[in-house]
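Over in TrEMBL, the protein carries these features:
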REPEAT    186-220  repeat 'PPR'
REPEAT    293-327  repeat 'PPR'
REPEAT    328-362  repeat 'PPR'
REPEAT    363-397  repeat 'PPR'
REPEAT    398-432  repeat 'PPR'
REPEAT    433-467  repeat 'PPR'
REPEAT    468-502  repeat 'PPR'
REPEAT    503-537  repeat 'PPR'
REPEAT    538-572  repeat 'PPR'
REPEAT    573-607  repeat 'PPR'
REPEAT    608-642  repeat 'PPR'
REPEAT    643-677  repeat 'PPR'
Amino acid sequence: MLLMQPPLVSSRFHSLYFIPRHHHRLFQRPISAFSATASCSPSSSSSYFSSWNGLDASEEEEDEFSTFVRRRYDFSPLLKFLSRFGPVELVLDSVNLEPLPVSLDPVEFELAESYKAVPAPYWHSLLKSLCSSRPSLGLAYAVVSWLERHNLCFSYELLYSILIHALGRSEKLYEAFLLSQKQTLTPLTYNALIGACARNNDIDKALNLISRMRQDGYQSDFVNYSLVIQALTRSNKIDSALLQSLYREIKHDKLELDVQLVNDLIMGFAKSGDPSRALQLLGMAQSTGLSAKTATLVSIISALANSGRTLEAEALFEELRQSGIKPRTKAYNALLRGYVKTGPLRDAESMVSEMEKSGVSPDEHTYSLLIDAYVNAGRWESARIVLKEMEAGDVQPNSFVFSRLLAGYRDRGEWQKTFQVLKEMKSIGVKPDTQFYNVVIDTFGKFNCLDHAMTTFDRMLSEGIEPDRVTWNTLIDCHCKHGRHIVAQQMFEAMEKRGCLPCATTYNIMINSYGDQERWDDMKRLLGKMKSQGVLPNVVTHTTLVDVYGKSGRFNDAIDCLEEMKSVGLKPSSTMYNALINAYAQRGLSEQAVNAFRVMTSDGLKPSLLALNSLINAFGEDRRDAEAFAVLQYMKENGVNPDVVTYTTLMKALIRVDKFQKVPGVYEEMIMSGCKPDRKARSMLRSALRYMKQTLRAS
């Protein structure tokens, strides 16, 4: 795979005005060429504005042409006239539009006459100059309104597009949409609006505008798609399915990919966790002579590493080096993350050594990944040595590094070492941040040290560190899990009082709490409050509702919840059906459990091991051992490997119907299948043997 091709001249700039991507100059053609611009076609104007829009490069100072315009025409009398009543405000409300004047003020008439011969490009340059400064946006709008009133410039769509573009860059998206209503939308104004939406991360509006543009018979260009994909990447809302849909649109419109768009697409697929499509698109781009940026390749390496595809990440990293590019810290970190994820500690250590030999300095992220690797391997002393190496290398360990160390202790059950980590942080002067305290609180909560969790929370507040949603959710959840529902509710109320709005996760935790307490009226009120605050119930919300309703035997409510979920377009998950099947199983309602299982498969969901085990339990509770073993046969035929729970549940089903003599055979099959018996399985076997022995004695 050839990574670095000679850069080609991009087809992005094919309009009347040739504007290099790294320069945002409005005009760069000779003066004699400007006479043609006033009557340029919509398509060429669209391409022109997309080129001028660029891809968020910084604005430069006025160019030589603007200087020429200042010498040739003096616009100061007009600007003084328009701002004669003080600072000009940007008024966009249609009800405030001034009617066309019946007669003109002599001064205004004289100004209109004096500017009658100004070519359109000069007005464009003036407007661009005014739009470069946020305070002068109102004056820019006043100039456009004045020109339109006196019919002095024929490229009004370009003028309005420049204004819309400037409003978008100034985060005035609402005003940009109001302004767009003053003109019939053309490719030029469509492009400006789409760019404004993308820059303000309003992706839904941008996609809707692209769709409307197509319905109006206009073809979107690649700049729009680049801006949308970049916005998706920035907002971490990137989704492989959405990218595939956009890519299909691009191919349907027969748009020729340029270097920028192909890099945006590749990076988008990589960031969405779909490295396979990123690699496929990379190969296609390189075969057509388009080169990949280093950042794009690093994003693919990172995606491969995160997916556990370390060998492919290594190959791409090596290809990057062989192409003559010296990998930087970010590239090494991307591959190092893969080693940490898949577990080869030696590879992680050698990667850091190679960095140092290549003259690439490890950063905080490098060290935190290496600490993760040592913690995962249980090598605590090595992790501490890394901390000392950081200090020796003038890389001050931060709170994040210590939070990773602490998370390792937590995940291995060594929560007592939390105090040691805190002491070590204090000794080198590192102040804990919100993320670190969140890990500490979560650690204490998981091991039922709720007093320590609350003490940590109080210390966090005393140090002036404001808790975030993760903090509150962690505290509320750990109190709920340990049955302290009253304290959890108090924490929920305190969260709102401090101005931290609950999210869907918060509401889901509280819904589960009310369900465990069977406080159905309070739960319904909470659901209403959730919706009134604009927080939409998600799949987890509905799964929680099905679970709590099922556990309490309120099966009609659980089924109603499933139907409501489907009615709003949400697809039930396997977890939701597992909860319902298990709820039926606990009450021995095998027919209802089977029906839920059938609905699950009809919804296109593959039965999980958990659901099948619950089905076996349902038949066992209903004393239907033959059907229970039929489920075992179904598992074998459909490639689902039984586990120790499967065999233990089958043994329990046999004991329930007094078929003790068959239990040893099931136990033996469990061992032969590679399942290691647990305490419960051994207990089942002993019970069966005891009953068999008693039966023999009785006979």
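Each residue, glycine too, has its Cβ placed from N, Cα and C.
Annotations in TrEMBL come from automatic prediction, not curation.
Within its own chain, the repeat 'PPR' (293-327) is flanked in space by residues 1-4, 263, 266-267, 269-271, 273-275, 278-279, 282, 334-339, 341-342, 344, 347, 358, 360, which lie at least six positions past its ends and keep a Cβ under 8 Å from the stretch. Sequence-distant neighbours of the repeat 'PPR' (468-502) (same chain, 6+ residues past either end, Cβ-Cβ under 8 Å): 434, 437-438, 441-442, 444-446, 448, 450, 453-454, 457, 460, 509-510, 512-513, 516-517, 530, 533, 535. Packing against the repeat 'PPR' (398-432) from elsewhere in the chain are residues 364, 367-368, 371-372, 375-376, 378, 380, 383-384, 387, 390-391, 438-440, 442-444, 446-447, 449, 460, 463, 465: each is 6 or more residues past its ends and has a CB under 8 Å from a CB in it. If one looks beyond the repeat 'PPR' (328-362) by at least 6 residues along the same chain, the residues whose Cβ comes under 8 Å of a Cβ in the stretch are 294, 297-299, 301-302, 304-306, 308-310, 313-314, 317, 320, 369-370, 372-374, 376-377, 379, 393, 395. If you average pLDDT over the repeat 'PPR' (433-467) in this model, you get 92.
Sequence-distant contacts of the repeat 'PPR' (538-572), counting only residues of its own chain at least 6 positions beyond either end whose CB sits under 8 Å from a CB of the stretch, comprise 504-505, 507-508, 511-512, 514-516, 518, 520, 523, 530, 579-580, 582-584, 586-587, 592, 600, 603, 605. Across the repeat 'PPR' (608-642), DSSP helix (H, G, I), strand (E, B) and coil residues number 26 helix, 0 strand, 9 coil.
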